[in-house]
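Asks: Structure provided below as structure tokens; questions to follow.
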Amino acid sequence: MNPVLFNRKRTVRTTITIAALIVIAFIVLLLSMNTGFTKMSPLEVLRTLFGGGTPRDELILFEFRLPRIVIALLVGTGLAIAGAILQGVSRNALADPGILGINSGAGLAVVLFVVTNPMRESASPMFMPFLALVGGFAAAAIIYLMAYKKDKGISSSRLVLSGIALAAGINALMIVLTLQLDPNEFNFIATWQAGSIWGSSWKFVLALLPWIVILLPAALWKARQLNVFSLGDDTATGLGSYLNKQRLLLLIIAVALSASCVAVSGGIGFIGLLGPHIARRLVGPRYEHVIPVSALIGAVLLLIADMVGRTLMENAEIPAGVMVAIIGGPYFLYLLARSRT
Amino acid sequence: MTRSTFVKGRQTSPKEEIWSRPYAALLIIIGGLVLLLAGLAFSVAKGSRQIPLDVVWQALVAFNPANQDHQVIWELRLPRAIAGALVGAAFAVAGALMQGMTRNPLADPGLLGVNAGAGFMLALCFAFFPGMGFNQLIMFSFIGAAVSVVLVYGIGSIAKGGLTPVRLALAGSAVAAMLVALSEGIALYFRISQDLAFWYAGGVAGVTWAQVDILWPWIAGALIGALLLSRSITILSLGDDVASGLGQRTSLVRLAAVLVVMVLAGASVSTVGAIGFIGLMIPHAARALVGVDYKWVIPTSAILGALLLVFADTFGRLLNPPTEQPVSALIALIGVPYFFYVIRKKVGDNF
């Protein structure tokens, strides 16, 4: 087949997929605005959106529901892109910031802060992503060093296994730390850890938005680089140290994305896994297509998970992270059972 | 060197490949038992209230209910120390069995989601049947452990290429993540998060005689089962082809081993919560010391595991009294670097 033609076909397919996903995102967005503890009809929502709602409706929609929806979209985007990058860099289709321990590292930093500073109201939402970033990078650095051997470079299996070990260790430490909290703080941390989109105010949107706005284009810009990694190390070693630098840069982007998301949403696993996988099914393996499509899929998935979690039970909320795990866990196991390496 | 030592360059029968050091093993088992007794005595004597060893001895041989020291020893310290030894042995032997039958250096009930499975069942029990007796709690935790064993091994083995360390670890961590998320959801909904976390943090602190009474027959039975299986596990650890070539019914052995692991992990997790890494570290140490014959690896692992948990628990109490450091965190502190070491040593560059 003519490679140019082939490429064009792919691009067309990606464009159609993206358009379809945007439509789906819009539908879910509208649904999500309608559902919640207080019932609002679609008409009321529309009227409120265009400035004709009652003060009560405006309060619910603009102050409670919309910020939370926007955060779900941003977090879903960030985690899915981080997952796509990590899968490319580790050449393991099952890598994900949760499994690699980066989320745990970021979470540990946040929990440490809450434990040592009893007045958590004093922590501005702007500060949380930086804190999570330190933890996320520390975890990533440990995993990277453990997977690195002088003469052989990074091995994908060592990377994955080190991540799993580190996550297990951090989780043990985290339980110990949270036990020292009083019941109120404990509940806050427990809910946050379970992956609840708790920062439902515009302040948190503002805290997260710059990270996504800067890192999303950076990931897209580096997408072609990820294609080179997928060729395997033998082919890629010809490029030598250049490759190691690229790998490091991409890792930094992925860690920064997932850590800033963890800061506002806690540990949501599996999104970074599901997004890229479904994307690959839809548009093939090339990362310039995979990254934007998985970003959209991640955003839609998390929005649905949050919406369902909010409305499934009358008097309680199920954290989005739990919802994602209920769907994502079995899917992950299915992928694993089918995988060859 | 004994005759059974593996000789390089010569065609050897499987039996000759199983190098072992029975004398070293016997020495470690006997020495370990002595050390364990010392450790138990130390554990009973030390704590926020220091008790001289002769008082400990008196409490054991001539218990005087009026003596407060004697009461502390009998009601608090002794059940705790005994449970620690039992659970440490159980986790270590569970790990040894898993590593032997999967030929996988990274198998461990914690990392493979078995602990999470038991924990998930316990979360369900806490939520729906609050105040359930320890007897039933143990049974449910067996079921939980069984469910996750089946999930992890089933999924790991369906895949083409079999159970590689990476695939097993991924399956384990995914099953664990899923079950932990479900437990968290249940705990948040029923507002039992903190109770569950206290239990999950692990520790032998609150163990009572009533619990030890229920615990020990299960663990003792399963340990004997593990010993009986040890010969088959050794053959299984040479690979499925060799094992079936020697006429072993591999699936039957696997099933029996999984049942034993389930009882060991389930009983331990329901008593002390999820303590990871013992099942990973101890069998490695045991194999390095006594060789790869599971007849020796299993008892050595049991002794070393008991020693590790009893000493870690005592150390956690002495570190910064009167606060106690949870034993699961202390063991993770040694366990994570050890895991990194095993990965670097034993895991090849590609799977």
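Every residue gets a Cβ built from N, Cα and C, even glycine.
These figures come from a predicted structure and were not determined experimentally.
Per TrEMBL, transmembrane segment is recorded for A:12-33, A:66-86, A:98-115, A:127-147, A:159-181, A:201-221, A:248-270, A:290-308, A:320-337.
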Asks: Using a Cβ-Cβ cut-off of under 8 Å, list the residues of the same chain that are 6+ residues beyond the ends of the transmembrane segment (A:201-221) and lie near it.
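Replies: Long-range Cβ neighbours of the transmembrane segment (A:201-221): 63, 67, 70-71, 74-75, 77-78, 81, 84-85, 124-126, 128-129, 253-254, 256-257, 260-261, 263-264, 288, 291-292, 295.
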Asks: Given pairs 6 or more apart, does the transmembrane segment (A:66-86) have at least three Cβ pairs under 8 Å with the transmembrane segment (A:159-181)?
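Replies: Counting Cβ pairs under 8 Å, fewer than 3, so no.
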Asks: Same chain only, please: residues at least 6 beyond the ends of the transmembrane segment (A:159-181) with a C-beta under 8 Å from a C-beta of the stretch. Say none if there are none.
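Replies: Distant Cβ neighbours of the transmembrane segment (A:159-181) are 90, 92, 94-95, 98-105, 107-108, 111-112, 114-115, 139, 142-144, 146-147, 189-190, 193.
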Asks: Residues sitting near the transmembrane segment (A:98-115): Cβ under 8 Å, six or more positions beyond its termini, same chain?
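Replies: For the transmembrane segment (A:98-115), the sequence-distant neighbours (Cβ-Cβ under 8 Å, at least 6 residues beyond its ends) are 82, 86, 90, 123, 128, 131-140, 143, 159-160, 162-167, 170-171, 173-174, 177-178, 180-181, 185, 188-189, 192-193, 254-255, 258-259, 262-263, 266-270, 272-273.
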